[in-house]
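Remarks on the structure that follows.
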Amino acid sequence: MTAKGGANGAGSPMSGANDRLFTVGLITSWYSSNIGVLLLNKYLLSNYGFKYPIFLTMCHMTACSLLSYIAIAWFKFVPLQTVRSRVQFFKISALSLVFCGSVVSGNISLRYLPVSFNQAVGATTPFFTAVFAYLMTVKKEAWITYITLIPVVTGVIIASGGEPSFHLFGFIMCIGATAARALKTVLQGILLSSEGEKLNSMNLLLYMAPVAVVLLLPATLIMEENVVGKTIQLAREDFKIIWYLLFNSCLAYFVNLTNFLVTKHTSPLTLQVLGNAKGAVAVVVSVLIFRNPVTVTGMLGYSITVAGVVLYSEAKKRNK
C-alpha cells in the first residue's frame, strides 16, 4: 500500500499517513456496509412491506456468487483456491446450509424486532461459540472464561424484559440466527482444519454462495408463495424496489469483502474492539432512523452484554 524508495519510501511520514488513511477508509467502509445492509434489510422487511426474507437472502447470495467470481477470477483480488475433493465440497455445502439458516433466521427476526434488540441478542455469539466448541470438540476453556459469559447472557435477559417491541417468534428467530452463526464458526474450524482444505474467507464465500442459492431457491418458491410474481407486481407499482434489492444485494457482498480486508490490514485486537463497537454504532444509528422506543432497562441489558463480550475476549486472549 506504500510506495517503496524515494521521498515517500517505507517508514516516511507521508507513507505512514497514507497507511493510516487507507486503514481508516477500510474501517469506515466496513462499518458502512455492515450497518447499511442491516438497516436496509430492516427497512425492506418491516417498513417497506417486502415480506420475503428467504427471497431477499437468495438475492444476497446470488450477488455474492457473481461478485466473488468477478473479484477472484477476473481481478485476481486473492489467489483462487480450488476444491480438491468431493469430501471437501460436501463439507463446504454443510457450512453453506448452516450459513443459510443463520442469514434467513436473522432476516426473519428483523421483520418482528427492532435493530437495537436484534444487535443485543446477536452480541451473545461468544456464548454459543463456547457451548458448541465444548460439545463438538470437548475443548475446555479456563473457568474464568466461562464466568465472563454470565454477563453476556444476563444482559440479554435484562434487555428482553425491558424491550417495548418484544416479539417471541422474532426473538426465537434471532437466537436461532446467533446460534447458527456460532455453529458455522466451530464447524469451519473442524471441517476445514487440514492445511490442504483451509480456504480464506473470500474463496470460501465463492464456493458457499452458489450452494446457498441452490438451497434457497426451492425454499423461497415453496415457502414464499408466488414470490417472483409478487415482486414483479411490486416493481410495477414502485420500481424503486428493484434498485433497493440490487443495492442491498451488492452491499451484502461488500460486507464480506470489507470484513476480509479489515481482518487482513488490522491486528486481531483492533478487529475485536472494532467489532464490539460496531454493534453499539448500529444500535444508535437504527434508533435515530427508525425511532423505535428504547428503555433504560433495555440499554442497561445491552451494555452488560457488551461488557461481558469484552471481558470474554480478554479472558480468552490471556489464557491462550
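Cβ atoms here come from the backbone N, Cα and C positions, even for glycine.
Since the structure is predicted, the reported quantities are computational estimates derived from the model, not experimental observations.
Listed in TrEMBL:
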type: TRANSMEM; residues: 21-40; note: transmembrane segment
type: DOMAIN; residues: 26-313; note: domain 'Sugar phosphate transporter'
type: TRANSMEM; residues: 52-77; note: transmembrane segment
type: TRANSMEM; residues: 89-110; note: transmembrane segment
type: TRANSMEM; residues: 116-136; note: transmembrane segment
type: TRANSMEM; residues: 143-160; note: transmembrane segment
type: TRANSMEM; residues: 166-183; note: transmembrane segment
type: TRANSMEM; residues: 204-221; note: transmembrane segment
type: TRANSMEM; residues: 241-262; note: transmembrane segment
type: TRANSMEM; residues: 269-290; note: transmembrane segment
type: TRANSMEM; residues: 296-313; note: transmembrane segment
- line: Given 89-110, 116-136, 166-183, 296-313, the one sharing the most C-beta pairs under 8 Å with the transmembrane segment (143-160) is 296-313
Task: Let me know the model's mean pLDDT on the domain 'Sugar phosphate transporter' (26-313).
output: 93
